[in-house]
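Here is what TrEMBL records for this protein:
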- 43-241: domain 'Rhodopsin' (DOMAIN)
- 29-47: transmembrane segment (TRANSMEM)
- 59-79: transmembrane segment (TRANSMEM)
- 99-125: transmembrane segment (TRANSMEM)
- 146-169: transmembrane segment (TRANSMEM)
- 193-216: transmembrane segment (TRANSMEM)
- 228-245: transmembrane segment (TRANSMEM)
Amino acid sequence: MYPAIVTIFGPPPQEIDLQESTTAYDNSVVISLSVMAVLAVIVRIWARRIKNAPLGLDDVFIFAALLLELVTMVLTILGGKQGSGNHVWVISTTQLQTIFKILYGYTFIYGTAAAALKLSFVFYFARIFHTGSMGCIFACKDYISVALLVGGVLAWAYPLMIWTVMLGACKPIHYFWDQYTDPHGGSCVDTTLFFPIAGIINLLIDFIILCIPIPCNMRLQIKRPEKFMIICIFMLGGLYVYIILG
């Protein structure tokens with residue numbers, strides 16, 4: 001154990017096994033999901049090539065989301081090398097400082113990746129269900145135009161919320177990762193409650209965006225069971241992509 005860590009956090013509870021670590025598990029999960037994400041995007045490109053369909057804005061944003069997701073994978077692994085996934089008493093204050101630097105950058109990259117993924121779905125639905133030009137989305141008053149516009153706004157709402165909170169979380173900013181090596185060098189607001197709430201908001205936004213095509217599908221001139229089957233396919237496909245990329 002590091003004396004400086006014990007001074008900050010106190011001695012570890014007796015029932016804790018300091019040899020426990022979730023680093024290997026965390027790395028295996030994030031690597032597995034990243035491989036699945038890469039394969040999903042490859043299949044997407046392959047399907048577009050078979051149809052001789054040009055790439056659209058939805059493809060551009062899914063590529064961006066994939067790239068950013070791979071960056072978060074690298075950051076997760078780097079954090080593990082610094083001791084993330086271990087009990088705090090077995091890492092040094094220098095390692096803890098590095099972990100918090102990685103965490104700070106991670107929040108911005110993850111927020112951007114989440115926005116790119118959401119926008120990919122918005123533009124995908126626009127390509128399928130919106131018959132007018134992209135400019136019409138801002139001018140038309142039909143359901144799909146309004147829904148796509150709301151979806152686009154919500155897609156940016158989550159990262160903007162994350163960025164705003166993180167930029168103002170600590171004064172000065174570097175105190176976010178220096179707070180354990182220089183306790184009197186600044187101040188931070190308590191973000192403990194913020195991240196669970198942000199996660200719930202993120203899920204709600206995802207659900208709203210995934211529901212955009214439901215009214216369009218319900219108007220299809222087909223039998224009701226077939227309508228629900230199409231809706232389920234959209235929802236399951238969307239959930240799969242959100243799980244591996246989100």
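The backbone N, Cα and C atoms fix where each Cβ goes, glycine too.
Predicted automatically and left uncurated, TrEMBL annotations should be read as such.
Same-chain neighbours of the transmembrane segment (59-79): 26-27, 30-31, 34, 37-38, 41, 44-45, 48, 85, 99, 102-103, 105-106, 109-110, 112-113, 116-117, 119-120, 123, 241, 245, counting only residues six or more beyond its ends whose CB sits under 8 Å from a CB of the stretch. Long-range neighbours of the transmembrane segment (99-125) within the same chain, counting only residues 6 or more positions beyond its ends whose Cβ lies under 8 Å from a Cβ of the stretch, are 56-59, 61-62, 64-65, 68-69, 71-72, 75-76, 78-79, 82-84, 91, 144, 148, 151-152, 154-156, 158-159, 162-163, 166, 176-177, 179-180, 202, 205-206, 209-210, 212-213, 238, 241-242, 245-246.
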